[in-house]
Every structure is written in structure tokens, then in C-alpha cells.
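Worksheet: one structure, shown below.
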């Protein structure tokens, strides 16, 4: 009996902790709109699927939009607000896309259930649906967030940057309650999408004022990047972040890091840092078990990310349109 009790206690603790992670505090839960707007999730899914079918770049765009929203004052759709000094005007957000997809989903949900579903929840659902559309199994998204009332460009300085060291990334994620494994897992979202040359061209020609490229770039891969991004060329040109698998949500991104084919400096730093390298390594082995491990960990990390500084209850509001407060 004593042995049984010893085993049962940690099991009960695990169940309690897991339940807390999948049901947000202060009112967020899976199926929050079941009684008030039962078709909300299916409407958002339909809009997202249609958008990605017509333009696959919407998938990574919406995922990045969600990430940039949650990292700045929590998952409250503040990144969707227009304004001369809003988050959208920050240089780190200049490349964001997918706003029109969220606006379309919101308009359709409003037609069905006026004033019920928040833009923050629509963005969280759309991010999940974007990832699912590109290859990962579906997971449940707790809902019940409310929309923020403030959006300031200066707050976007909290976002991880494309030149951040592993240490700085670890600090920024920790500030949001996310651990190192969740950092490495969530950055795996770079398996889909592209980056502008401006974000990494400094690595290709005069890295750290050495008059030479970043030595961590695979020498066979370097000419490919230099061809796409000439030293004095158009820095708005987009380059795949996961070479050879840009539209598939898989673990090839991590294999590219191992090979020295990470495009962003911040991504490469995850392989050259001893602590994060060990975590990258867990996703590298080829095969279905490895992909399933990544899928499960990514879903869990996304649920946890979606809990960052959420507004619920009487906080914030439910916007009628996503780009401005009521």
C-alpha cells in the first residue's frame, strides 16, 4: 500500500499540472464558445484553409503573427491594431503578414455571433490551423482570451531578434515563462516560411567586421545564399528558412542547423551553444517517432505560449473589428 501511494502521488500531480496547462487560468478553456458561438472554430478553420490553398505563405505568416502578438504584452491581439505608433510600425514587425486573413475570419464570425469571439482567440486558432495545414496533427486550443486596448511600437523591443545569441534568446523566453526546451521547440516554427535578406546578409560578407562570412555557415551553402542576397542587392528578397522543405512542418529545419545551413544567425546560435544544441539534437534523427515527438512538444509549447499574459473576464474587450478598439 505504501509503494502504491508513493507511485500514485506523482501521477496525480502530473494530471493536475497537465490540466492546468491545457485549461487557461481565469476563464480560458477548450470549448469556451461551445454555447455562445459553436461554429466559431470551424469558421476560422475554413477561412485559414482557403487562404493557405490560394497562397501557402499565409501559413508561416499567421504563425509569426501569433508569436509576435504573444511576446508583446501577451496574447491579446495588440499586434493587429492599426496606428501611427502601434506595434505594427516597429521595425521587427515590418515583415508580418496575414492580417487580412484574421480580419476575414473575424468578419465571418461576427456575422454569426456578434460581439462574442475575440480577435485574440481567432488569431490563436488561426495559428494552430496554419500549422495543421502544413503537416502537424491537430491539437486543442483553449479559448476565452479578450482583446487588449494598447499597442505601442516600443514594446516590440521585447521580441527575440534575428541576431540574438542563444543566451539572449533564453533570457527573453524565460521572461515569458518559457523554458529552454520550449524555446528550441517553438523556434522550430522556422521550418516553414522565409526571411528577407536584410535579416541575415551581414553574415554573408563582413561578419562582425571580419571582412569574411560567418564561419558557421556551411561553405557549400554559402554561395547559394550569396547568389540570392548579393552584398549590395535588394534586401527585401525572401529566402527559405528551411532549405528544401519550406512548406512542410517537419524536423528538417533542425537537420539544416546541424549542417550549418541555418539562415538566421539566431537559429545558428541554437546549434553552436552547448545547452541548446543538445535539445536540437533530439529532433534530428530521421523517422516517424522523431516527427511525432516534435509534433507533441510543439503543440504543448504552443498551448503554453498562448497562455502568456492573457486577458480574461472583464479585462480588455471583444473588438468588433480587429484593427481598432471599439
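We count from 1, first residue shown onward.
A Cβ is built for glycine as well, from the same backbone N, Cα and C atoms used for every other residue.
Keep in mind that this is a model prediction, so the values were computed, not measured.
The signal peptide feature in TrEMBL is assigned to 1-27.
Taken from TrEMBL, the feature domain 'Plant heme peroxidase family profile' applies to 27-326.
Residues or ranges marked as disulfide bond in TrEMBL: 37-113 (among others). Neighbour count (other Cβ atoms within 10 Å of the Cβ, all protein chains): 15 for residue 113 (disulfide bond).
Every protein chain shown contributes to the tally, and the Cβ of residue 64 (site 'Transition state stabilizer') ends up with 22 other Cβ atoms within 10 Å. Residues or ranges marked as site 'Transition state stabilizer' in TrEMBL: 64.
Annotation comment: TrEMBL describes 68 as active site, proton acceptor. Listed in sequence order, 79, 87, 92, 93, 96, 156, 159 are the same-chain residues at least 6 apart in sequence whose CB falls under 8 Å from the CB of residue 68 (active site, proton acceptor).
If you draw a 10 Å sphere around the CB of residue 70 (disulfide bond), it holds 27 other CB atoms from the protein chains shown. What TrEMBL lists as disulfide bond is 70-75 (among others).
Neighbour count (other Cβ atoms within 10 Å of the Cβ, all protein chains): 30 for residue 119 (disulfide bond). The disulfide bond feature in TrEMBL is assigned to 119-322 (among others).
Among the features that TrEMBL reports, substrate binding site is placed at 160.
Annotation comment: TrEMBL describes 190 as heme b binding site.
Within the same chain, residues at least six positions away from residue 250 (Ca(2+) 2 binding site) with a Cβ under 8 Å of its Cβ are 135, 191, 291, 294. The feature Ca(2+) 2 binding site is assigned by TrEMBL to 191, 242, 250.
Marked as disulfide bond by TrEMBL: 197-229 (among others). For residue 229 (disulfide bond), the same-chain residues that are 6 or more apart in sequence and have a Cβ closer than 8 Å to its Cβ are 197, 200, 201, 204, 235, 237, 239.
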Query = Do any residues at least six apart in sequence from residue 242 (Ca(2+) 2 binding site), in the same chain, have a Cβ closer than 8 Å to its Cβ, and if so which, in order?
reply = 190, 191, 192, 252, 253, 256
Ask   = Between the recorded positions 70, 75, 119, 160, 322, which lies closest to residue 37 (disulfide bond), Cα to Cα?
value = 119
Query = Nearest to residue 75 (disulfide bond) by Cα, among 113, 119, 160 (recorded positions)?
reply = 119
Inquiry  = Using the Cβ center of 191, 242, 250 as the Ca(2+) 2 site position, which other residues in that chain lie within 8 Å, going by their Cβ?
reply    = 188, 190, 192, 245, 246, 248, 249, 251, 252, 253
Key: From recorded positions 64, 70, 119, 160, 322, the one whose Cα lies nearest residue 113 (disulfide bond)   = 119
